[in-house]
Amino acid sequence: MTQNIQMTEMYQIILFASILAAISATSADFKVVWEVPSIMCSKKFKINVTDLLTSHKILVNQEETFNGDKIVIFYESQLGKYPHIESHGDINGGMLQVSDLANHLKIARDNISKFIPDPNFNGVGIIDWEAWRPLWKYNWGRMSEYRDRSKDLVKAKHPDWSPAQIEKVAIEEWENSAKEWMLKTLKLVEDMRPNAAWCYYLFPDCYNYGGKDQPSEYFCKNDIQEANDKLSWLWKQSTALCPSIYMQESHITKYNTSQRAWWIYARLRETIRLSHPNTLIYPYINYILPGTKKTVPSMDFKRVLGQIGSLGLDGAIIWGSSYHVNTEEMCKEMKTYVKDVIAPVASTVIQNVNRCSQQICKGRGNCVWPEEPYTSWKYLIDPKNPTFKHTNISCKCKGGYTGRYCQIAP
């Protein structure tokens, strides 16, 4: 009994100190960003969700534009002259090794000025290049053509070389070219719009397509982690990381609730491992199951957003394509899902993340539950002001603060 009283008193003291410190501290900033072309619903069918979203603290571009003041995404045809191969032929030279990087950067500069006219843009900027991968070994399936043609380029210069020699140099030339293209493009957007958080969509990946009855079975394999370590140049230069944790229909049919949580945790765990202290992390999440017109089950949406928050991350990007809003029926379904699921869940998670930050982390970081990595999301989806116990929590500190509760100034 005495011990319980002492623990209660200690908690109250820490809580009071946290509230006092919060007066002058910077609040945790958990951002949920809307990246769905819902403007199509507004224009075609007079179905608007902006007020619903913004009233629940979800960030929406002004006038619902797909690219705007909160978020901008550059697809393959929108930033410079991105070289890649399509079924109907080569685009912008096809192969990185023989394409004009200088011209690409020149045109990209104009694209950036057009798409982001405000030099003080401080939203999230995403480069979405998916036609090839920078590491040789991951250009499989339809991407294997990049490997074949890279070897052809080397063989044309050195027809007397052995296949092993050709492949060795082809790998070096491909990976060096990919690094140069990705880094110089990233540096350009960061130089031109330095206040934004910049990332490449889908990076890092975990390729964790299988798993059974243990959480560790879903973790990124050692060889995947070693490959991701080879991209250290990308993690160092990126000011944000934007992995995908899209819920698939196969996840619902193949995995139970715990397994789905393990799968997502594994991908976020790898992102955290690779991130630098000041790197922001904004995972991409979805509300429509890819390849279908079915919405993500409401409990899964709650868990996913709660997981992101409970790992101390900076927010999430809710994505949807024009395909999801091209009929009145789809627009009505979107509005219903926003009203019943997205808006209340986002509002609750944002509020709980910020409240825990103020109470436990002095407003200098976000709460993390180290001993409950797979279930701590439940604390953040509770709309009834749950109690946060400092004994269960460590803080992911920001702004140079350190210590378990960010109590040590930089």
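Yeah, the Cβs are placed from backbone N, Cα and C, and that goes for glycine too.
On a predicted model such as this, the values are computed, not experimentally measured, just so you know.
The active site, proton donor feature in Swiss-Prot is assigned to Glu130. The disulfide bond annotation in Swiss-Prot covers Cys41-Cys331, Cys199-Cys242, Cys206-Cys220, Cys356-Cys367, Cys361-Cys395, Cys397-Cys406. Annotation comment: Swiss-Prot describes 352-407 as domain 'EGF-like', evidence class sequence analysis. For Asn48, Asn111, Asn256, Asn392, the entry in Swiss-Prot reads N-linked glycosylation site, with the evidence type sequence analysis. Summarising the annotation, Swiss-Prot assigns signal peptide to 1-25.
Ranked by Cα separation from the residue listed as 'active site, proton donor', the recorded positions Cys41, Asn48, Cys361 are led by Cys41. Taken through DSSP, the domain 'EGF-like' (352-407) splits into 16 helix, 9 strand, 31 coil. Between the alpha carbons (Cα) of Asn256 (N-linked glycosylation site) and Cys331 (disulfide bond) lies a span of roughly 30 Å.
Closest by Cα distance to Cys199 (disulfide bond), from the disulfide-bonded residues Cys41, Cys356, Cys367, is Cys367. If you take the CA of Cys406 (disulfide bond) and look 10 A around it, the recorded positions you hit from Asn111, Cys206, Cys220, Cys331, Cys356, Cys361 are Cys361. Set side by side, the disulfide-bonded residues Cys220, Cys242, Cys331, Cys361 differ in how many other CB atoms lie within 10 angstroms of their CB, and the most is found at Cys361. For Cys41 (disulfide bond), the recorded positions whose C-alpha atoms fall inside a 10 Å radius of its own C-alpha are Asn48, out of Asn48, Cys220, Cys395. Cβ-based neighbour count (10 Å, all protein chains) for Cys41 (disulfide bond) stands at 24. For Cys397 (disulfide bond), the same-chain residues lying six or more positions away in sequence with a CB closer than 8 A to its CB are Cys361, Arg364, Gly365, Gly403, Cys406.
Summary for the disulfide-bonded residues Cys199, Cys206, Cys356, Cys367, Cys406: the Cβ-based neighbour count within 10 Å is maximal at Cys367. Distances between the Cα of Cys331 (disulfide bond) and those of the recorded positions Asn48, Cys220, Cys242, Asn392 are shortest for Asn48. Of the listed glycosylation sites, namely Asn48, Asn111, Asn256, Asn392, the sparsest Cβ surroundings within 10 Å are found at Asn256. The recorded positions shown are Asn111, Cys206, Cys242, Cys395; of these, the one with its CA atom nearest the CA of Cys367 (disulfide bond) is Cys395. When the alpha carbons of Cys206 (disulfide bond) and Cys242 (disulfide bond) are compared, the span between them is 13 angstrom.
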